[in-house]
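Asks: Straight out of TrEMBL:
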BINDING   Glu100, His103, Glu226, Arg231  chlorophyll a 1 binding site
BINDING   Arg105  chlorophyll a 2 binding site
Amino acid sequence: MAMASTSAAVVLQGLSTPFLSGSRTLLNATIGGRSSAASSRRLIVVAAAAPKKSWLPGVKAGGNLVDPEWLDGSLPGDYGFDPLGLGKDPAFLKWYREAELIHGRWAMAAVVGIFVGQAWSGVPWFEAGADPGAIAPFSFGTLLGTQLLLMGWVESKRWVDFFNPDSQSVEWATPWSRTAENFANATGEQGYPGGKFFDPLGLAGTIKDGEYVPDFEKLERLKLAEIKHARIAMLAMLIFYFEAGQGKTPLGALGL
């Protein structure tokens, strides 16, 4: 009995490219089989998993202090920094990431507001609350009431949506029913709703036939950039607090 011979050729391209450093690379392998009847080809795609990043890349030892086993590198900006073990419980890890993301976003807004507010009015940021009229035409009571109402409504919706995803995109949960779909999570990822309302510039998606279509490749890059900027902003706010304790301002520290 004669059997058809089979030859397989696997071609690896880019052995000196980012494939060896852990980025995802497609390996094209063409397996050609010859027989008396027909010939067939297959395309096998293999994705190399990215290695875990470390906040101390030069240190290989250290156990969970340097390389905690409960962090797998899947979160944006995960460099294995959790010396207190706060993320051992997956449920707590999800909550801490949500808290980090929200605090970071507020910190980024605060840093811009501190610089712009003082440059506009000349009033130090830590004294602006005592005299809000110097910056904006609002009294302290109006400013406080508006902030409590708006932030209370938005934060309560975010809180409920965290424990019950997509529960806030229904008509009864919004004050205007015709735009209820704008509050839906267009990406399916917690903390990154996207959509026409939360991504009006289309930075992480496009609008096709009136529907928002997320671009997950762009989204992943923006998630990493955001968390890095958020952490820097939180550190900046910590420095601002120390400066305020000495009666100094960020612009004053810069000699402006």
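Heads up, the Cβ atoms here are built off N, Cα and C, so glycines get one too.
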Asks: So around the chlorophyll a 1 site, Glu100, His103, Glu226, Arg231 aside, which residues have their CB within 8 A of the centroid of those CB atoms?
Replies: Leu101, Ile102, Gly104, Arg105, Ala107, Ile227, Ala230, Ala233, Met234
Asks: What is the interatomic distance between the Cα atoms of Arg231 (chlorophyll a 1 binding site) and the residue listed as 'chlorophyll a 2 binding site', given in whole Å?
Replies: 9
Asks: Let me know how many other Cβ atoms fall within 10 Å of the Cβ of Glu100 (chlorophyll a 1 binding site).
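Replies: Glu100 (chlorophyll a 1 binding site): 17 neighbouring Cβ atoms within 10 Å.
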Asks: With an 8 Å cut-off on Cβ-Cβ distance and a minimum sequence separation of at least 6, pull the same-chain contacts of Arg105 (chlorophyll a 2 binding site), or say none.
Replies: Glu226, Ala230
